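Asks: Before we start, here is the structure in question, set down as structure tokens.
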């Protein structure tokens, strides 16, 4: 950061209020933004962290329609859930507001009117699908049809979620309205467009020449868009949910959500600072930083800056440290498939472990490429790093001090060369941390913070104060004094990353007033004689059973998705009725059932068929334990010729249905019948 700014305005992408937030949102946007804001505050810098819910647009209208309620009821419910979830994880917003607020409606309308009156829009007429039964134009998500690329017959007008291809509504084969189910027709409609091509020369110079320090993934995506050439982009659409376009002749039209949403950063700042918001948005000594995911790079690096420049009085973003995507157990996170770890559920199922999630998401952050979250890695990082390194060092330092010095910080005596080298090592952490945090390398910054705990662990292991206690208590005092100073330094270094654990550690150190960042690296944070609090476990080991339950939860979701997506096999060719009558299907009671030796798929049944009994061998051993079927009634074909399987003569075939996941389910009568009863 070459320029000297007086203040930093940090914004976070507005989460869509049609569902909860998940770990992908957190890793990509909210945890790194919170780390950065906490770091700046700790350094005494003037900064604001601005957030809020994005509450307009087609997905919310669709959600309301599906749930049989109003869009306002949908956003009211999810806005509160999202806000509580962020608070639970310690995301320290100065304000978390929403785009249905009165102040946002006014701000967005005024912004549009300013550009409209300056002649910054162009009007264009285009053809758009119209539902004649519902008497309304259809947004992309209100149209489904067959994808021309993969033949999925549930593709939307903007994207096929089966193959991931971006589409135009007119690309769909046999399009139909999701409102009425009827085939839509094309009609002309007028909209206002922001001519991005007009701003292209400025954007090329501003980004490609002026911001080469941006992350490579951000700079590269911007360059790709600029190299292709920018096109006008609609700022209005035909919809009944949103902020009405505030000009004559715009009945039934609202502001496009991509235009409306980023103005939420401005309106939320206005709401927080009604008298000073312009200082944050219009002063050249304010640094504006957008935290977003990679799907929002174009909007925040090209479109929103073009809007701000067209308005003429606002500052432009100085940096946009966008992250890539986080996957889950090797698969793309999907809200529609419920393939996610939802924050509100995590907070309920892992009480008091907010920092474990913050740690893992930061350590595994998708900063320059997509990354993967797995529950086994979550467990390993907790047990092997937070517990075994950080927590272990803190616990040993405090427990030994209580054991040998009644919990009071002992005096520091003469330092050895090893002591001095250790002090130099942990004093260097401050500069390393600052470099990584200032350049938005949060994953590397976390490694530097954890390195401080490693330094402490190594120091205790090498000096072995528990052995010296028998012969040299003065030396033990010096060792534990330095160990406690490292512990206090850990409370500072980890505050941006693990605020709950940092506060807990400060409490164990009996320090009410947090140390300032400027004291990081100091060896006199805790004065001689200062009485410590009682040591507690800073982190707890996660057992396999806890993680197994989460993995099973995902497996259940995967099975449910497979069943939902299952398509029945095509109907076989017609047969003559007489051929069907040849089958003698009967009901029998299972008397015995056992596995066939040296055959992992086969079970041997002894069946009461009402005619003296029979033996049947069936290939369902992978789907049932033998004892599950004893005493049950099953349907079987009785008039098949006997055949030998693994040396056993089988006298029939037990009927099963194959489920969507490939599992077999034996066909059983709904109520018990006499053995040998025929199925008709």
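Each Cβ is built from the backbone N, Cα and C atoms, and glycine gets one as well.
According to Swiss-Prot, the feature motif ''HIGH' region' maps to 15-25. Taken from Swiss-Prot, the feature Zn(2+) binding site applies to 147, 150, 160, 163, supported by sequence analysis. Taken from Swiss-Prot, the feature motif ''KMSKS' region' covers 332-336. Summarising the annotation, Swiss-Prot assigns ATP binding site to 335. According to Swiss-Prot, the feature domain 'tRNA-binding' maps to 579-680.
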Asks: In the domain 'tRNA-binding' (579-680), how many residues does DSSP call helix, how many strand, and how many coil?
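Replies: Its residues fall into 7 helix, 42 strand, 53 coil.
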Asks: What residues in the same chain, six or more past the boundaries of the motif ''HIGH' region' (15-25), come closer than 8 Å to it by Cβ-Cβ distance?
Replies: 53-55, 57, 59-60, 63, 74-75, 78-79, 81-82, 85-86, 98, 293, 325-326, 328, 333, 335, 340-346, 357, 361, 373
Asks: Note down the number of other Cβ atoms within 10 Å of the Cβ of residue 160 (Zn(2+) binding site), including every protein chain shown.
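Replies: Other Cβ atoms within 10 Å of residue 160 (Zn(2+) binding site): 23.
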Asks: For the recorded Zn(2+) site, enumerate neighbouring residues of the same chain (Cβ within 8 Å of the Cβ centroid of 147, 150, 160, 163, site residues themselves excluded), in sequence order.
Replies: 148, 149, 151, 152, 155, 161, 162, 164, 165
Asks: For the binding-site residues 147, 150, 163, which one has its C-beta crowded by the most other C-beta atoms within 10 angstroms?
Replies: 147
Asks: Across all the protein chains here, work out how many other Cβ atoms are within 10 Å of the Cβ of the residue listed as 'ATP binding site'.
Replies: 17
Asks: Give the distance between the Cα atoms of residue 163 (Zn(2+) binding site) and the residue listed as 'ATP binding site', rounded to the nearest whole Å.
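Replies: It is 16 Å, counting Cα to Cα.
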Asks: Between residue 147 (Zn(2+) binding site) and the residue listed as 'ATP binding site', how far is it from one CA atom to the other, in Å?
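Replies: Rounded to a whole number, the Cα-Cα distance is 21 Å.
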Asks: In whole Å, how far does the CA atom of residue 150 (Zn(2+) binding site) lie from that of the residue listed as 'ATP binding site'?
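Replies: Here the two Cα atoms are 22 Å apart.
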